[in-house]
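Student: Annotation source TrEMBL lists compositional bias 'Basic and acidic residues' at 31-42. As annotated by TrEMBL, region 'Disordered' applies to 1-42. The transmembrane segment annotation in TrEMBL covers 47-69, 81-107, 119-141, 161-183, 195-213, 219-240, 261-282, 297-322, 334-360, 372-392, 404-422, 428-449.
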Amino acid sequence: MATAEAPLPEASLPSAQPSADEPATDGSSIGERHTGKPSDRGALRSLTVNSLGIMATTVVNAGLGYGYWTLAARIMPSTEVGLGSAATSALVIISLVVHLGAGVGLIARLPQRATAEQWRLTVVATLAATTGGTLLVAAVAELPLGLLVAPLGPLTRDPWFALWFVLGAAGWTGSGVLDYLFIAERRAGLMLVRNTATAVAKLGGLAVVAVAVPEAGAMGLLLTWSLSGLLGTGAGLLLCHRRVRPLGRVPLRAAGAELVLLARPALGHHAISVAGLVPTYLLPVAVTARLGASANAAFYITWMIGSAIFMISPAVSSALFAEGSHQRGGLRRIALRSLGVTVASIAVPAGVLCAIGHPVLGIFGAGYRQGYGLLVVLVLSAFPDAVSNVAVATLRVRGLLNRAAALNAVIAAVAVAGTWFSTPPLGILGAGVSWLGAQLVGALAVLVFHRRLLPPKDRND
């Protein structure tokens, strides 16, 4: 497990930003350098706007992504769609493995940078290291992927397929890092613009392929995916340069020193994020292993429908991380208010999903209605999930990354182990009960160990 940078003591935080002659030297928590008490109303407004931008981005990507794969399924044989989806999934996974921790780390680092030069150094160094690292990892991974994963054989046989695979992975890394930059600067609206441009270009590109080169097959999918990722990076750089802060050259030696400083907290943030993502990928595998592919189809469709409600809490928590990183004072108050915002935002969609879930599942076929009980359980789990997400966000702000990673790891372990043992007697409902149980364990841990997992009261509280 990755360890975290030791945070500064609560009582010894300086009240002023570092001067240009005294750059921040800790990479763990940006908010440690900023402690003036903000207007609660202004902070809550900023948090809400940033949250809405993140949620809107998720909705746009989901909607246009659905259109993209629907079009692909209509114009290409299923074998080509399967190969294309396998290749694009592989390049996205490689991209995430390389940039996830470093990207999240920007949310914690950028508010520390007192001057434009320091800010530019951090951004350019992170972008260069992650995109360069992705190019290298993707190029090295092509041979084993092509040999070991049969559908990805073209990676070892077709040089153009291999080239666009590598370029696509780098493009999605650049796009992802810039999204974290926009969240860090509390400009999630720019992230929405960038993602919309990327998704529209990807869908439009596929439509052009369908008309101009209908026989392109999987290569057409990979090409549109990769070009849209590169376009997204270009659009993000332009938005950053014109709407946030100008970019430019940085001293090579200073960039190297900055990357060394950021390495340890990046590993901590990576561990937190990976632990949070593990159940998403392992629960379907566990259901398939214990109940078979047919049962997993019902589970996966139900999970995807229920996931509509799961975007709310992570969005608010990401905005809380950014807000707290800019202004440490009053973190506990803002955290509690963000929890209230999350619960209130979940309540109505939860009721709607429970009311219409049965007929919605029926759209996919009569057999999928068996997932209604699972859907209700998943909806209920969103409430305790909000508690642990808020706790993790505040731990990130305070630089207590090992505690946040441990909390997410416990939740993941309970969910996966519970699914493995409960699905034989309970069917797919067992996976939902295990997921709910894991979220309750996480929320209970936050309440019991609140002195270690939640920020202390502000002096003025």
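Cβ atoms are placed via backbone N, Cα and C, with glycine included.
Note: TrEMBL annotation is automatic and uncurated.
Set these features in their place in the structure for me.
Tutor: For the transmembrane segment (81-107), the residues of the chain that approach it from at least six positions outside its boundaries are 27, 30, 69, 72-73, 122-123, 126, 129-130, 133-134, 137-138, 141, 145, 149, 151-152, 154-155, 161, 165, 168-170, 172-173, 176-177, 179-181, 183-184, 217-218, 220-222, 225-226, 262, 265-274, 318, 321-322, 325, 396, judged by C-beta separation under 8 angstroms.
Beyond the transmembrane segment (161-183), the same-chain residues lying 6 or more positions past its ends with a Cβ under 8 Å from any Cβ of the stretch are 50, 54, 57, 87-88, 90-92, 94-96, 98-100, 102-104, 106-107, 110, 123, 126-127, 130-131, 133-135, 137-139, 142, 154-155, 189-191, 194-195, 198, 218-219, 222-223, 225-233, 236-237, 239-240, 244, 318-319, 321-322.
Counting same-chain residues at least six beyond the ends of the transmembrane segment (334-360), those with a Cβ under 8 angstroms from any Cβ of the stretch are 40, 43-44, 47-48, 51, 305-306, 308-309, 312-313, 316-317, 319-320, 323-324, 369, 372, 375-376, 379-380, 382-383, 386-387, 389-390, 393-394, 454-455.
With a cut-off of 8 Å between Cβ atoms, the residues of this chain six or more beyond the transmembrane segment (372-392) that come close are 272, 276, 299, 302-303, 305-306, 309-310, 312-314, 316-317, 320, 335, 338-339, 342-343, 346, 350, 353-354, 357-358, 361, 404, 407-408, 411, 428-429, 431-433, 435-436, 439-440, 442-443, 445-447, 453-454.
Residues 1-2, 4, 268, 271-272, 275-276, 278-279, 282-283, 286-287, 289-290, 388, 391-392, 395-396, 430-431, 433-435, 437-439, 441-442, 445-446, 453 of the same chain lie 6+ residues outside the transmembrane segment (404-422) yet bring a C-beta within less than 8 angstroms of a C-beta in it.
Within the chain carrying the transmembrane segment (428-449), a Cβ under 8 angstroms from the stretch's Cβ atoms is held by residues 279, 283, 286-287, 291, 295-296, 298-299, 302, 370-371, 373-375, 377-378, 380-381, 384-385, 387-388, 391, 407, 410-412, 414-419, 422, all 6 or more beyond its ends.
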Student: Could you give the residue numbers and ranges of same-chain residues that sit at least 6 residues beyond the transmembrane segment (47-69) on either side and whose C-beta is under 8 angstroms from one of its C-beta atoms?
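Tutor: That would be 81, 85, 179, 183, 186-189, 191-192, 195-196, 199-200, 202-203, 206, 311-312, 314-316, 318-320, 322-323, 334, 338, 341.
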